[in-house]
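> Straight out of Swiss-Prot:
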BINDING   ASN216, MET245, TYR274, HIS310, SER330, ARG331, GLY332, ASP371, GLY372, LEU373, ARG374, GLU410, TYR437  substrate binding site
BINDING   HIS414, HIS478  Zn(2+) binding site
BINDING   CYS558, CYS561, CYS566  [4Fe-4S] cluster binding site
Amino acid sequence: MNIVAKTIPLVVTTGPHAASTKIHKPGILHPHIRVPMREIAVHPTAGEPPVTVYDSSGPYTDPSHPVLIENGLPRLRHDWVVARGDVEAYEGRHVKPEDNGFATGERLTPEFSVRHQPLKATAGKAVTQLAYARAGIITPEMEFIAIRENLGREAAKEKPTRDGESFGAHIPDYVTAEFVRQEVASGRAIIPANINHPELEPMIIGRNFLVKINANIGNSAVTSSMAEEVEKMVWAIRWGADTVMDLSTGRNIHNIREWIIRNSPVPIGTVPLYQALEKVNGIAEDLNWEVFRDTLIEQAEQGVDYFTIHAGVRLHYIPLTVNRVTGIVSRGGSIMAKWCLHHHKESFLYEHFEEICDICRAYDVSFSLGDGLRPGSIADANDAAQFAELETLGELTQIAWARDCQVMIEGPGHVPMHKIKENMDKQLKTCGEAPFYTLGPLTTDIAPGYDHITSGIGAAMIGWFGTAMLCYVTPKEHLGLPDRNDVKVGVITYKIAAHAADLAKGHPAAQVRDDALSRARFEFRWEDQFNLSLDPDTARSFHDETLPKEAHKVAHFCSMCGPKFCSMRISHDIRAEAQKEGLEAMAARFKEGGELYMPLPTPASAE
């Protein structure tokens, strides 16, 4: 192994959130599994138990776990994978100069310090969670997910109150491992979990589960380093990203990705076409199946959990984009369109799709079928090019399913609010209810610098309608490469959208955190308000800008209204007065008068 000797600062953000404790729930079918969650303690005066929330942050928020980035995370799934008896270790391909963009010397990012032999399926076997689910097998991954999705709840003794409109989704009161298996077997959900990513804590993407979010990271030819990208990944999952896509397009793609995967407890996705393009010096016309196939195997051996494949961009669809306002805005879509036009032939991604499936089933890499012809402006939303590609994605889904490969479908894009539901309805019908994974959509084009908001609106809507995972958009969208703070803003924005969608769909546990925070707000438990929020640091900071003293943390007002105009304080006074006089007496008095307010005097009484 050729490791360049140079020092790189390997410091990432660690430590728990305020008032939070990492807990682990054991399995029943698979007692060895330990499912992580976060408990948020509330003040003793509340008389309430801690609030349990979903936790995708991995060991980085666990004080009992020593973080050594150089060693990577514990390989918790390795024994699960090997125990199934259908994989074999092999030497694997060796790193080539082109894998890292021909970087050398000081420009070359060091290789990760530990190399494990990759695993692949034994001859004739499919090692995908879909294959196991179809065979009736409940894997440890499936039970892990069932426990995780229940947010620490035990099986409900009483039917929970359901309030929402699910638009045909069937969210159970309590998620069982068998329900997870059924959803995966049907293709309505996927478990992105490459057998070569044992560090991963299993999660699920599907319409009948909690809405998930993805954060994009990655270097470019202009900026960013390995240390920055690993920290971006850790930072993104700290604030709630469920998956991370490494969209690196500069040098050192292979080595940076290795560092990310070895330290990631969440699924990692990529667009293999980006690295393949780097291998041919950025010349799209020089791409070919052999280079792309080699790149797929390279990334599958590293442990990439899902591939975005733009196989739906077909030669005869390209003319449909000519009259668009913004043409083809997908990087992968534009690369393949350029290749198709130059060679005047069908895309090699489409022509070799069955071979791509064979690679994915040998490592359990899930498909994220790319929307290369998605609209890049609201003027182009729901046009012929977009929906023609969607039809092809539906065909490719059936091909992948026939080979036991897991599939989700990528969606737009830029779509005004009144056209969003049509996207969801068409996707469900065309793609057999495979999970939908959308970028926003952005609902207006007039707000550069605020596209996390324009897209958050669309994300909440399409998540409610049935999208399973939302790809975040940061304030830097269309403007530049996001930094650490942009990543946080994007993640928090999309956590809001996903949670709002869960509430609207009627998820049985979604409102627990809202109600706990509302009670804390009404009772002026300021610290509980901060700690129960999605971003305690910002909430506390905003409060302390005007009321910084510790005494203000118990005050029955904030700087918005002050002590005299606080509606909640006045409500407390009303309640206290009602209790003092007696609720029944007050009710009787109002009933006798028939009015809340004193009636006007009649002419007779005036005399």
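Please read every residue number as a count from 1 along the shown chain.
The backbone N, Cα and C atoms fix where each Cβ goes, glycine too.
Keep in mind that what you see is a predicted model, and the values were worked out from it rather than measured.
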> Quick one: of ARG374, HIS478, which of the binding-site residues has the smallest count of other CB atoms within 10 A?
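Among the binding-site residues ARG374, HIS478, the lowest count of other Cβ atoms within 10 Å belongs to HIS478.
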> Taking just the CA atoms, what is the gap between TYR437 (substrate binding site) and HIS414 (Zn(2+) binding site) in Å?
14
> Work through the binding-site residues one by one (TYR274, TYR437) and point out the residue whose CB has the fewest other CB atoms within 10 angstroms.
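Selected from the binding-site residues TYR274, TYR437 on minimum Cβ neighbours within 10 Å: TYR274.
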> When DSSP states are folded down to helix, strand and coil, where does GLY332 (substrate binding site) land?
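Its secondary structure by DSSP: helix.
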> If one measures from the C-alpha of HIS478 (Zn(2+) binding site) to the C-alpha of CYS566 ([4Fe-4S] cluster binding site), what distance in angstrom results, rounded to a whole number?
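One finds 42 Å between the Cα atoms of these residues.
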> Ranking the binding-site residues CYS561, CYS566 by other Cβ atoms within 10 Å, which is at the bottom?
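So among CYS561, CYS566, the binding-site residues given, the one with the fewest Cβ atoms within 10 Å is CYS561.
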> Of HIS414, CYS561, CYS566, which binding-site residues are close to ARG374 (substrate binding site), meaning a Cα within 10 Å of its Cα?
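Passing the 10 Å Cα cut: HIS414.
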> Going by Cα-Cα distance, which of the binding-site residues (HIS414, CYS561, CYS566) sits nearest to SER330 (substrate binding site)?
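It is HIS414, whose Cα lies nearest.
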> What's the CA to CA span in angstrom from CYS566 ([4Fe-4S] cluster binding site) over to HIS414 (Zn(2+) binding site)?
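The separation of the Cα atoms works out to 41 Å.
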> Whole-number Å distance between the CA of ASN216 (substrate binding site) and the CA of HIS414 (Zn(2+) binding site)?
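Distance (Cα to Cα, whole Å): 18 Å.
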